[in-house]
């Protein structure tokens, strides 16, 4: 029992300063929007004597908001080298420096009368989230026993959702969302960082990293002992040693080497498709729409923040449910089901939006759609996407795979954030058509091409992909047919 406790505590220590920060920092920026915008205006007025035009304020605000994904992109790129050189645990610990810098900048921005400090602070917060989104699932999946690997790595998604909800709660007017307290709200992300700095050093480094990257068998066994207790380690050690033998003499790969390597082609295509779809499926845009739809449904303005907390809680509930069932249901059914349901709800949502003013009960249908969409996202795509790079790549390619995944995730977050207001302007009620297309295409890809990875060792998964990667080439050897066929693979 003690050992499962140690595993659970390791998960909590890694999560609270890890992906929790990603969710938390996405949602705390929403509450003080108007206060920060007026602070920008007042600061500018004091400096130059001229007030800012509303267009310029909006531009400065969008810079502030987009500094976060830009920081995330930086963090995602830095995460690979950090994970290899410093190890998984050390990277997570050092990563808190960025949040502490960010909290100091944001906390004192009002006293220093500088809105540039807020932008910088959002950038550093992003760097922290970028690193942790990549390293935390890697650290946890490498530390977990095989039969629990999916559930343990998936806790990253639960911590993100927990961060989202707590950020929405702390951002309420009664707590830190008021006009005086917004610098405190933006600096409150220092608390989870300090908790992690106190807790995580007591837990072991990833045993796989110690054995395969460092070649340190003694430390690996003692880390496993801490995590597994007195249970028999021989089978797990044997599997790790087999993996160590399989990658012997190789060094950690760079992202561009993965693109050139035919042996990982399908793995790469799979994570590129799935990590792009995760942001391009429109789930985050649902939060954007939530306030408008709830208003149309006749919920009074001051009650809306509380209902929005409901949407965040939806994601939290489903990601916890997903944790419980992933190692029974498997990865494929959850992804497939998630994207199919989202496609369905997107269609209903667009119909409901277009009839919003004609039919009296339509706003309630749109409301139901928002909750259903977020639930469908939470049950599969939200969590499973983060687990896959750990499972389908070997130890030497894994950090590079996470760099590619993370960079796509943040780039697409930036893209959707920037483009969505324009999509709404031009497509009106049918703004979900692009997202619908993404959901359908992703569901088709998962249905036809993605193998199941549940309950298999990392080597077995590699073998399964090897068949796929080299099946193409054996076919090609028999017949030199039209060139078009090859291009569809890429």
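Cβ atoms are placed via backbone N, Cα and C, with glycine included.
Looking at 28-49, 182-203, the stretch flagged in TrEMBL as transmembrane segment turns out to be 182-203.
Note on TrEMBL: of 365-388, 461-484, the range annotated with the feature transmembrane segment is 365-388. By number of Cβ pairs under 8 Å, the transmembrane segment (182-203) is matched best by 92-112 from the list 7-24, 92-112, 118-139, 334-353, 365-388.
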